């Protein structure tokens, strides 16, 4: 009879290796940011700095430095380096947002002092620049007409050009068109205005009008439409094109019924980005439209006003009343661009291809 001897010693000894360090609580980063801002303001005041920009830059530097030191103390240097990268990203985000928020706040706060239904429904006819009163109706009407005409010219031309470059291009002509589109993308607005002034006004003999300004705006708008539409068309899967062509559908009908509807959301967004760019242009309007205090609903004859030119003229006068009108017109211009973007989003969502269940 054999005896079994049981060995009660553990087979292995489990060693617990603490690889994880302690972690900072979630409220640590906001607390560090608040402390950095307070320290930046305090040190800037003691140093005699009057600029809030200097205070902000000092606070950003203190925030990054404090984040690294505190994280290295608690979590280790490896996590500290990662936290520094995150802190720099947040600082860059704040530096980008603060000017935008500040500009919006100043425009809204100053513009609401004058903005009312009377301001939107009356012109500057028989109103002196130094007097209170007057409105922006003539400038708003001119801006709407000029932007609409420019869009009706630039959007179809830009769309067809992009379709050619993506669907048919590939030779020397396509390369030449791409080159000129790239050149036109960076063209200054004053150059477009001078070109239309030399051709439409001086050579052909037409006078100042809203249509002349719209031609210059269309030149500025066209390359943006071409580039954005080209990128959207490239995102359409080739499988959709091949499936349509395999069914015997002609290429032009495939582009019209498959490619463009698939990319219509991005195309609309690109067109509205181009509209937002030209809406605030002043130089072409100053050269070609001239501006007026009267209401001119005919964009093909006579001088017209526009919102950017109205803002420039009123601010240049320098009186309290004119500067208040300039701020109110700037607020109207921002609201106009925002409304256009909201309308574009609605159209893009409405025209987007319906997805299956």
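Cβ coordinates are placed from backbone N, Cα and C, and glycine is handled just like the others.
Annotation comment: TrEMBL describes 31-49 (among others) as transmembrane segment.
According to TrEMBL, the transmembrane segment annotation covers 55-72 (among others).
Summarising the annotation, TrEMBL assigns transmembrane segment to 84-108 (among others).
According to TrEMBL, the domain 'ABC transmembrane type-1' annotation covers 140-344.
Counting only same-chain residues 6+ beyond the ends of the transmembrane segment (147-166), those with a CB under 8 A from a CB of the stretch are 174, 177-178, 181, 210-211, 214-215, 217-219, 221-227, 229-230, 233-234, 255, 259-260, 267, 271, 274-275, 278-279, 299. Residues annotated as transmembrane segment in TrEMBL: 147-166 (among others).
Same-chain neighbours of the transmembrane segment (178-200): 161, 165, 169, 206, 212, 215-217, 219-220, 222-224, 226-227, 281-284, 286-288, counting only residues six or more beyond its ends whose CB sits under 8 Å from a CB of the stretch. Sequence annotations record features per position, and here TrEMBL assigns transmembrane segment to 178-200 (among others).
Tertiary neighbourhood of the transmembrane segment (206-226): same-chain residues 142, 145-147, 149-151, 153-155, 157-159, 161-162, 165, 181-182, 184-185, 187, 189, 192-193, 195-197, 200, 270-271, 273-275, 277-278, 281, 284-285, 287-290, 296, 298-304, 306, selected by CB-CB distance under 8 Å and a gap of 6+ residues from either end. According to TrEMBL, the transmembrane segment annotation covers 206-226 (among others).
Annotation comment: TrEMBL describes 258-278 (among others) as transmembrane segment.
Annotation comment: TrEMBL describes 326-348 (among others) as transmembrane segment. Long-range contacts of the transmembrane segment (326-348) within its own chain (CB-CB distance under 8 A, at least 6 residues past either end) are made by residues 104, 107-108, 110-115, 119-120, 136, 139-140, 143-144, 264-266, 268-269, 271-272, 275-276, 279-280, 307-308, 310-311, 314-315.
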